[in-house]
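> Here it is, the structure, as structure tokens.
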Amino acid sequence: MAESPAFLSAKDEGSFAYLTIKDRTPQILTKVIDTLHRHKSEFFEKHGEEGIEAEKKAISLLSKLRNELQTDKPITPLVDKCVDTHIWNQYLEYQRSLLNEGDGEPRWFFSPWLFVECYMYRRIHEAIMQSPPIHDFDVFKESKEENFFESQGSIDALCSHLLQLKPVKGLREEQIQDEFFKLLQISLWGNKCDLSLSGGESSSQKANIINCLQDLKPFILINDTESLWALLSKLKKTVETPVVRVDIVLDNSGFELITDLVLADFLFSSELATEIHFHGKSIPWFVSDVTEHDFNWIVEHMKSSNLESMSTCGACWEAYARMGRWAYHDHAFWTLPHPYCVMPQVAPDLYAELQKAHLILFKGDLNYRKLMGDRKWKFTFPFHQALSGFHPAPLCSIRTLKCELQVGLQPGQAEQLTASDPHWLTTGRYGILQFDGPL
């Protein structure tokens, strides 16, 4: 097997990784500090003087973190007592072991980008955890909820579209296929709403995405939806398969999560799947990633919406969860810095859970980076090989491109894109639905 290429890293000056560590991450830390400042009176009302002291302590820890990052200090071990602390510190040791004699310690602008960026979010969590009684405060909650409220028009249009299709069982097979393709594309473009890319600024969806699909089609660089349809429609017709399980590894809350829930509802209603398992994060992560609280909050707010299409969908989704047809899982592995190819060793229980799926949909850029090991693969390198042996079940990456990493393109395709749009890899303007089928 050929040697794997180098990791993406901020040591490549001018690269997207470099600009993220230099500009976007300090901006996110500043926003987190501002959020804590703004909630000072709320902390006082809830916890008295203790709340004020906790806010000061958290801000002090976060300011120290920002300074370490901006001055390229060595990465230090975590000191909290969480379930994953020892795994993080072991991984830091592993990063240290990869360095050559003159390299010094793992540092922000030198070590793999995936490691240091994940580490920053884990340190934010540590700062809050070390500041009781505000230790369960989600510093990103506000911006996630804002994204949902600002996207109401698009959410209403999408829910109305879904309800018009019901009962889905009454549709002809070609109609089901057509809608399946449509809702996969909506889930793809919903991935544009990423608050970590915008430094935590508003990134809501205000246009009716259904009307834009035709115009957006040329921006899908790899479209394996036919293969997904072939897999699920075949399973549906296989009498020996009474259970068809689809897992969705979630990315962003807000509008993107709604697009995932609408897709899941359609899969269930059309009997392309009999159960859906959602996987989210166990701690606040990368600004807008879904936690269990976000998942339940969205379903609850959909259900209590004064817009009929939204409340109908919300009630429906709550019923699916109550019946056990939909299940939400989280696992500490999703917020570790490890590439997914080591999941069987690091989190064998999670890998075994994913092996129960007939199809896994991995949403978003961070999942793609972890699937690919965040390495500088050639653009034409095969997707299956870049997965480095990770294959719990047939899987598909659904992401808009927000980092300098993409495999499986046709020869000449990347060069053509670079000539017409030099920033095609990082703006979220282009997307992929990239499938790795049954072995």
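Keep in mind that glycine also has a Cβ here, set from the backbone N, Cα and C atoms.
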> For the Mn(2+) site that Swiss-Prot gives with Asp251, Asn252, which of Asp215, Asp224, Asp289 also belongs there?
Asp289
> Ranges 35-38, 399-402, 427-430: which does Swiss-Prot label motif 'Subfamily III RTxK motif'?
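Going through 35-38, 399-402, 427-430 one by one, Swiss-Prot flags 399-402 as motif 'Subfamily III RTxK motif'.
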> Within its own chain, what residues at least 6 apart in sequence put their Cβ under 8 Å from the Cβ of Arg369 (substrate binding site), listed in sequence order?
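Non-local contacts for Arg369 (substrate binding site): Leu8, Leu114, Cys403, Leu405.
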> Return the residue, from the listed recorded positions Lys40, Lys402, with the maximum count of other C-beta atoms within 10 angstroms of its C-beta.
Lys402
> List, by number or range, the same-chain residues at least 6 past the motif 'Subfamily III RTxK motif' (399-402) whose CB is under 8 A from its CB atoms?
188-189, 191-192, 194, 197, 221, 251, 362-365, 367-368, 424-432
> Do me a favour and check the Cα-Cα span between Leu366 (substrate binding site) and Lys40 (N6-acetyllysine); whole Å is fine.
32
> Ten-angstrom check, please: count other Cβ atoms within 10 Å of the Cβ of Asn252 (Mn(2+) binding site), all chains counted.
30
